[in-house]
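Peer 1: Structure in structure tokens, see below.
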Amino acid sequence: MAEGSGIDRKADERMEFSTSKEVTVHPTFESMSLKENLLRGIYAYGYESPSAVQSRAIVQVCKGRDTIAQAQSGTGKTATFSISMLQVIDTAVRETQALVLSPTRELATQIQSVVMALGDYMNVQCHACIGGTNVGEDIRKLDYGQHIVSGTPGRVADMIRRRHLRTRHIKMLVLDEADELLNKGFREQIYDVYRYLPPATQVVVVSATLPYDVLDMTTKFMTDPVRILVKRDELTLEGLKQYFIAVEKEDWKFDTLCDLYDTLTITQAVIFCNTRRKVDWLTDKMREANFTVSSMHGDMPQKERDSIMQDFRQGNSRVLISTDVWARGIDVQQVSLVINYDLPSNRENYIHRIGRSGRFGRKGVAINFVTTEDVRILRDIELYYSTQIDEMPMNVADLIA
């Protein structure tokens, strides 16, 4: 099912926006003056009308304005900047004109597939330039010429330094999941990429969460940006039920998980752990207990990660155990349950994790395992998102069915 066709319009209409004065709402894609072949691709992809974020952000980005767009997961953020990039590039010029940086390889690959689908009638070239893949293939594709490159900061910086990714025609830089990108791990690599870009490059920052320090940092490479910010109270996903299970000791979590599985019939579920070692340990324990599970984390070779994601997307595997590498923007429609085996160590990641369930307004349930030491973290998450996380009721099976 296409990304756009499942957006929860009621929740979308209720969103509160804090926007710059010049932002107007465009209720239809036709009113945005988009290219004919791009419109065809948008409708073929499953969109009928723009979501709240799309109706505000696309025209501003197409005008060339630096833009900060914040909206929760599942509101069509990826299509917002993909449509904008496709509108501003000139496909007659076989040079890179738009660059997207993402924090994970999976997200960069997903963005590439969205761009290719929306640009289906435009003869667009778009390449996923990511670590863990064959460098020779990157070089071949980039030397051939790509209109849009979607990549991870390390590999993109490397290709620019080697002069295979030519930057002189780049008009737009998109930072997707900017909160994660601008965290310490990627900050230097982004500056590395940014200094190779033409001085007039437009910058678009997109994320579900934008902490104040990130907004502060954007002043370094954005000029008078248009701001389209969802008010924080709206950021916990509507339609998602959130619960906790009090688990006295860490050692008891596994038995709690097994009990939970005995009572639930689940389409698909994701279980989050905070470390790669814990993912491997839990996967082994679940398999020993005769549960069919797959697992994924950043230490795995890219080919293996791709194959696990494909199996999960196609429904061949029903339970995926992962670290936060999976939590950023990966869209699997059937996910009905997210279990935080460990509460996220960074409260910003909470919304990214639970946003995997009930995408585009589909109902979903998030269950948090909370030890005595975790109570403070849970309260912090509740305060930060102005939400309430209740103890799990006995009839939770009815809520997920």
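Cβ from N, Cα, C; glycine included.
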Peer 1: May I ask you to indicate which of 108-111, 140-143, 176-179, 208-211 is given in Swiss-Prot as motif 'DEAD box'?
Peer 2: 176-179
Peer 1: Under Swiss-Prot, which of the candidate ranges 27-55, 56-84, 288-316, 346-374 is annotated motif 'Q motif'?
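Peer 2: Motif 'Q motif', as annotated by Swiss-Prot, spans 27-55.
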Peer 1: Just to verify: the residue among Thr75, Thr78 with the fewest other Cβ atoms within 10 Å, which of the binding-site residues is it?
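Peer 2: It is Thr78 that, of the binding-site residues Thr75, Thr78, has the fewest other Cβ atoms within 10 Å.
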Peer 1: Which of the three DSSP-derived classes (helix, strand, coil) applies to Gly76 (ATP binding site)?
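Peer 2: The three-state answer is coil.
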Peer 1: Across all chains shown, how many C-beta atoms besides its own are within 10 angstroms of the C-beta of Gly76 (ATP binding site)?
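Peer 2: Gly76 (ATP binding site): 24 neighbouring Cβ atoms within 10 Å.
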Peer 1: For the motif 'DEAD box' (176-179), DSSP counts of helix, strand and coil?
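Peer 2: Output for the motif 'DEAD box' (176-179) reads 2 helix, 1 strand, 1 coil.
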